[in-house]
Amino acid sequence: MSHLQYLDELVKEYLLFRGFSHTLRSLDNELKIDKDKGFRVDRLVDQVLSSIQTYDLLGLRELWAHLDRRIFARLPHTLLPCVRKLETSILRLYVINTIQTNKPDKLVEFFERMAPDLQSQAEWREWFILPYLKGAEENPSFAMYFTRQWQDTLLVSLHNFLAVVFQSIELPTLAKYSEESARVSRLQEETEQLRVRLAALTTAPPSLTTLPQAPDPPPPPHLMDDFYNIAQETPASDSQLKSLRTILFGLGGGLPTSPILGRRSGAGGPASTASPQPSPSTTTAPPPSSQVTRGSCHHPAVRRTSSQAPTEERSRRTRSSSVASVSSSRSQQEHVQVKRLVGQAGSYALSNSARQSRSPTKTRPPDDQVPSTAAATLSKSTSTISDKAFLLLDQEEYNEHRAVVTHAVFNPSGTLVASADTDGVVKLWAPTPQPKTYCGVVVKSAVTGVEWLPRGERFLLVATKAATLRLFDTRDKKTVWEIGPDTCPVLKDQRIMGVRVTPGEGSAVVSSSPRVRPQGTPAPFTPPALHTFDMNTLKLQNTYKVEGGTVNGCVINHNGGLLVCGCSDGAVRIVDPRCSDLIATWPAHQGEVFTVRLSPQEDLIYTIGSDNKFASWSLAQTGTRVLQHTLHERAAGPFLVGGGGAGGGRGVLLRPYGPLFALHQDGEHLLTCSPSGPIVYKVGDSGLEQVVSMGGSRAPVVTVDWSHNLQCGTAVAAALDGSVNVATLMQP
């Protein structure tokens, strides 16, 4: 990954050449606070070690949480135990350092802060005695951790694990130029060798017509330690990477799930394996774009004759060109004009160019046999399953609400669900093994926004139709603070449509709209707006007036630099929440856009609108539609409540506030609402393919969420009758 620094310099040179000085300054500022450290493993390890040596527990947790969200969440579930073991060992090294440097106050502070997260873990129970234990270095339970050998082994393992993970990341197109250039050079050399052999064959006497056999490729070098080749930043073969992953899995097997740092306990999806990167010193100049094609390197164990390679390569290029031509023509016919603003737009167009539009990597797991207990459960279910993509193992129902449920949202680790309804009742409950209420809170109006704060999974932000915003402490079961029209003038005569918290939890972005008043009631008109509040001081930071529509739903990217909004006028708008600048806008649906989501790679925007259509859009090529699919009946709102019963009366249209769909961690599967229960779709190049129809709901589903715990995932679907269906899904 070291070539990324060279790529950063090339981008800076280009910006300077074009005169984009403002964008260049923005890039420099973001590079200075880059938590990824340019994917330089040595710098990340140094940062971890520096936080331990300076007793910066908060910085250490923030760095690990960032890596967890950006990197570890995309790993296959087989590597998650290793992540947990490394995290536990790093925290233990922090504790050992406080003892070795004679800092008892820092040791006590560690256990005071971490006790809520660690006290339920068996591997930490003995460690709580350390603040009161004399001579811990000689205690048999802890003596090993004070040795230089254990500490050095931990740092080397961390270094090599990060190196393996970084070499497995799917890189954007711009960052793969050196790989493509090297591959084209290899193909050219192979072609030249074939020409020489062909010329020798045509000029050789008849007795020498047999082609000489190519020598077998040398076997891969043996590993000097578990990760020696990767640790030296040298390219490794696919077989070596697989061996290293096997070693990693062996190191972390059998570890319990850790709730530290507010992590999804099984958020790891299958990571795409990228080809090894050549060394910067041997990098050749990138070929013209017409010569560069995307393709995966073949496994070294697959033997191919040299005559087959160019033929198959030309065939694959022809097919790729044909598909590209069809996609290009279709995009030109369907593409709509995108309104852009000068100035800030260039900065974000460039920052997102690294995430070029690409289809998600399609990795199908092996078809395992269903256990007999699961088969017995499946025989009782009403679901229809195709291609064995998911198995419905169990369904339960939570019936603690007496009104329409607007939200049902998992906390980051999937251990709790926060569900809220139109009566202002918020329930916190455990979905498994049996739905069980943990606590609750009542607000004064219908709940229109629910957002978990990811760090520690302790705080819940609740927004209401009466324009109040409340932060609730789920551990102490009390309200931390509350703001509303009485304390914040910008919320007067408004209603909150939704709320989002920035990744650093420093700010909350609130979407507001004028409150609907009875006819004949005069009121000054205030346009819909996006407000950014400081979560610590509760002061208003920025306000962006939305011209033409209300923001129904929004999502923030990983670094908080982009806010993607779905609006009531059918448009998608991209806003910078830090300075409230509009970056781009384009029409997306005929009718309102209710829900927007980003793909796991953050290169695609997914939307659902009142026209009952699901669409995906390229974030790099802003406004370019990748696909559009008409969903089943009543997959989107608004939903009809009441009417048509024995008592007569007219029904009321209820707009959805919670998400109408949820994405699987692999980015390939979609959970949607329906009149009888949630439906799972597989996202393909040309549209959606229905995979599982779960059923189980007596009333239409109005909002869904999906949490992933290792191989099994849990889905919740809230219905108009106040019930919440809990389903356990397994991906075989």
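Backbone N, Cα and C define each Cβ position, glycine as well.
Taken from TrEMBL, the feature coiled coil covers 177-204.
The compositional bias 'Low complexity' annotation in TrEMBL covers 270-284 (among others).
According to TrEMBL, the compositional bias 'Low complexity' annotation covers 320-331 (among others).
What TrEMBL records for 349-362 is compositional bias 'Polar residues'.
Sequence annotations record features per position, and here TrEMBL assigns domain 'ARMC9 CTLH-like' to 52-167.
Annotation comment: TrEMBL describes 259-379 as region 'Disordered'.
Residues or ranges marked as repeat 'WD' by TrEMBL: 398-429 (among others). Below 8 angstroms of C-beta separation, residues 257, 259, 262-267, 435-452, 454, 457, 460, 462, 464, 472, 474, 641, 654, 656-658, 702-709, 714, 716-726 of the same chain, each at least six residues beyond the ends of the repeat 'WD' (398-429), sit close to that stretch.
Per TrEMBL, the feature repeat 'WD' maps to 586-619 (among others).
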From the DSSP assignment alone, can you count helix, strand and coil residues within the repeat 'WD' (398-429)?
0 helix, 17 strand, 15 coil
Let's see if you can do this one: DSSP helix, strand and coil counts over the repeat 'WD' (586-619), in that order.
0 helix, 20 strand, 14 coil
Give me the mean pLDDT over the repeat 'WD' (586-619), rounded to a whole number.
93
